[in-house]
Amino acid sequence: MEVLAYLIPISLFLGGVGLVAFIYTVRSNQYEDPEGDARRILSDEWDDHPKP
Amino acid sequence: MTAHLSSGTAACPGCIATPSEPARPIPEDVQIALSLPGIHCSACIATVERELNAHPGVEDARVNLTLKRAMIKAAPETRATDLIPVLERAGFEAHELDPGALSATQTDKAGRDLLMRLAVAGFASMNVMLLSVSVWSGATDATRDMFHWISAAIALPAIAFSGRPFFANAWSALRVGRLNMDVPIVLAILLALMTSLWETALSGEHAYFDAALTLTFFLLAGRYLDYRTRAAARSAAEELTALEVPRAIRLIDGTEEEVAVSTLNVGELILVRPGGRMPVDGQIVSGQSELDRSLLTGETLPVFAEPGQTVSAGEVNLTGPLTIQATAVGEDTSLHRMADLVAIAESGRSRYTSLADKAAKLYAPGVHILSALSFLGWYIYSGDLRTALNIAAAVLIITCPCALGLAVPAVTTAASGRLFRKGMLIKHATALERLAEVDTVVFDKTGTLTSGTPELTNLGDHTRTDLEVALALAEASAHPLSVALVKAACAAGIKPANVQRIVEVPGYGTEGEFRGQRVRLGRAAWVGAEQGVETAAWLAIGASLPVVFQFTDALRAGATEAVSALRRSGKDVILISGDTSGAVRALANVLGIESWVAEALPQDKAHRIQDLSDQGHRVLMVGDGLNDTAALAAAHVSISPASALDAARVASDIVLLGNDLSPIADACETAVKATKRIRENFRIATIYNVVAVPLAVIGLATPLIAALAMSTSSITVSLNALRLR
C-alpha cells in the first residue's frame, strides 16, 4: 500500500493540471464562438501560412 | 450536421474564398458591431470577413457565428451605414448594433464566474469519485479513513467555493420567509457534508462527499445553461433596443442644434427632415409634406401635412422638411401613453407560472417533510441519532433535484439554440412554454405581414408614354411611392421621357414640362382626380384625364408560408389592422385568412385579444407598430420583427432577427416539442425518485447507489433534451 503515497499526490496533481488548463481556456476566450470555430477549421484560407 | 453543412455551402451567396488583404494598423479605431441573421457556414464567415476587410478604413473584422454577429475595428470616420451596403451587395442581411451595449456583455463576468465554479466542482468531483471508487471496491480500516479524509479535504473547500450561488439564493429566500428550489439543495449539501464528516471522524463506513460534489456539479451545469440562454437573449435584445438613436434638431433663433430628445421642452421649435421621425407631439409651424403614420395607426396611405396640423411622436415625415412646435414632450406624448397601456397589460402576464416553478412548489416542501419524517421515524425506532441523521441525509441527497434542475434548462437551451439558428431570439424565460399552448394567432398587417414598402400593381394598364413620363417625374423624388414606381418601371425596361423643369412640391408631388405641356405626378386632389381608397399616385399630362398608379404593400417574405403552416397545424389565424377595410380584405384574401378586422384602434386590438383570452383562447400576437404594443403585451405570447419599433420589441417575448416570417410556424412546433420534453424529463426524474427514495427511507441506500442513481438520471434527462436539436 506504500504505492498510495505516490499515487494520491499524482492523481491530485493531474486533477489540478486539468483545472488550470480549463481556467486558461476560459481566460483566453476559447468558448466565445464554438460554432464558428468548428466551421472555420473547414475553410482553406490561411492553410499555407498563418494569418498575420 | 454534415447534411446541413453541405447544403448550406451550396446555398451560400459567396463561396469562392480568396485571400484577403493584410490589415493596416490604424491608431485610434472605433468598434462597430453588426448583426448578421443570415450567416450559417464557413463560406459565409469567409465572405463577410473578406468583404469587410477589403473596405477602406476597416482594420480588422471578425465574425462570431454562434452569436451571428460581426465585430469590426475600423478607422474613426468609418460608419456602420457604409458597411451595411457592402454586405448587402454580397447577399447578407445586416443590422447595426450598439457597441456600447455589446461591450457590457463581452466582459460577461457573471457567466465566467459560474463557469469557474462549475469547473472547480467538476474537477473536484472527479478526484473524489476516484477515491470513492477505491472505497466501494473494498478499501477498509485505516486506508478507508485516509481516503475519506482526503475526500473531505478536497470537497469542503471546493463546495465552499462552487456552491456559493446556491447558498446566496437560499439565504435570500429564507430571510424573507420563503422556500425556493435552492433551500433543499443547500440543506442536502450541508447535511451530507456534516454527516460525512461525522462518519469519517468515527471511522464510519459511508461518506457522501462524492455525492455532495456531483450534486453541486450537475446543478451548476443546469444553472449555467439557463444563464447562457438568458444572457444571450438579453444582450441581443438590448442591442436591438439601441438601434434607434433618440436625437432631434432644435431650432433656436433660426440656428440648428442637434440635441437628445429627452432635453426638448414644450414650445420649442423642432426641425424634422424628410425621412425623420417626429420626436415629440406638436403642431406644424411651417413646411408642407406627407406623413407616414403606419407605425402608429397601421394606415398605409400617407397623410398630407400642412401648417396648423397636429402631429404625434412616432410619425415619419416623407417629403419636405417640417418645423414643428412641441406641445407635449417626454412622458406626456401619445407614444408614452401607449407605453402605459403596455405596463397595465404586462402585469397580467407575470401571473404565468412556469412548469419549473410548479414543480418546485410541489417539490420543496415534499422533500423536507419526507426527510424530516424519516429522521423522526428512525430516531424513535432505533433511538440512535447517528443512524437517523445518516438516513435523513441519504433521503435528502437522493431526492435532491439534480434531474429537476437540469430538466428545464437543458431543454430550453436546446430549443432556443435551434430557434436562434432559424433567426428567432427568445427574450423571455417562459416564452417557449407559453408559445406551446397557443391556439389562436393574431397578425398585424402593415409592417408585419407586409414589408411596409409599396409595390406597383397596375403597370400593364398604362400606355408607354404615360409610363415614360411618370418614370421621369418619379425619378426626381424620394417619396416611397415614387421609388416603387421607378423600381417597377425600370424592371419592365421603360426609359424615362425627356421631361424638363422638374420640381418636387413637398406634400403634393412632382411637376414638370413635357412637349410643352404641364405634367404632374402626385396626390389625387393636386392632379385633378378623385381620391380612392387604395394607395395610389395620379399622373396628368396637360389637360387630359388623370391616370392612376395603384400600389399595394409588398408581402413580407415567408408570410404566405407562415400563415398556411399555422392554419395547417389547426390554429385560428386572425388579421387585425388599423388600415382601411379594402386594403385589409385584399390581403386577407391573398393569404387565405377568413377572419379579419379593419380600422382597429390600438385599444380595440388589445380589447379583442382580451376577449379572445376570456373565451379561453391562448393568443399569439405578431405585430410591429406602436398601435400593436398594447395588444402584444396583452397576448399570451408575442412576436415582433427586428424592424419593429422599440416599444413593440420590448413588449414582445420573441424577436424575429431576419426579414422572413416563416420561422413563426417552426417556433410553435419547436415550442410544443420542447414542452413535451420538459414534461418527459419531469417524469424521468419522478420515476427515479419513486425507485430510489423507498431504498433511502428504509436505510438501504449506500453512497454507491446514490452516485449511480444521480448520474444516470441527470444524463438521461440531458440526452432526452438533446433529441430536440
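A Cβ is built for glycine as well, from the same backbone N, Cα and C atoms used for every other residue.
The feature domain 'HMA' is assigned by TrEMBL to B:30-95. Residues or ranges marked as transmembrane segment by TrEMBL: B:114-135, B:147-167, B:179-201, B:207-225, B:362-381, B:387-415, B:686-710.
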Return the stretch with the most CB pairs under 8 A relative to the transmembrane segment (B:207-225), choosing among B:114-135, B:179-201, B:362-381, B:387-415. B:114-135
Six or more residues out from either end of the transmembrane segment (B:387-415), which same-chain residues have a Cβ under 8 Å from its Cβ atoms? 181, 184-185, 187-188, 191-192, 194-195, 198-199, 206, 208, 211-212, 215, 218-219, 221-223, 225-226, 228-229, 354-356, 359-360, 363, 367, 370-372, 374-376, 378-379, 426, 429, 432, 670-671, 673-674, 677-678, 681-682, 684-685, 688-689, 692-693, 695-697, 699, 701, 706, 709-710, 713-714, 716-718, 721-722, 724-725
Please indicate, using numbers and ranges, the residues of the same chain that are 6 or more beyond the transmembrane segment (B:179-201) and have a C-beta under 8 Å from a C-beta there. 145, 148-149, 152, 155-156, 159, 163, 166-167, 169-170, 173, 207-209, 211-212, 215-216, 219, 356, 360, 363-365, 367-368, 386, 389-390, 392-393, 396-397, 399-401, 404-405
Could you break down the residues of the domain 'HMA' (B:30-95) into DSSP helix, strand and coil, giving a count for each? 23 helix, 20 strand, 23 coil
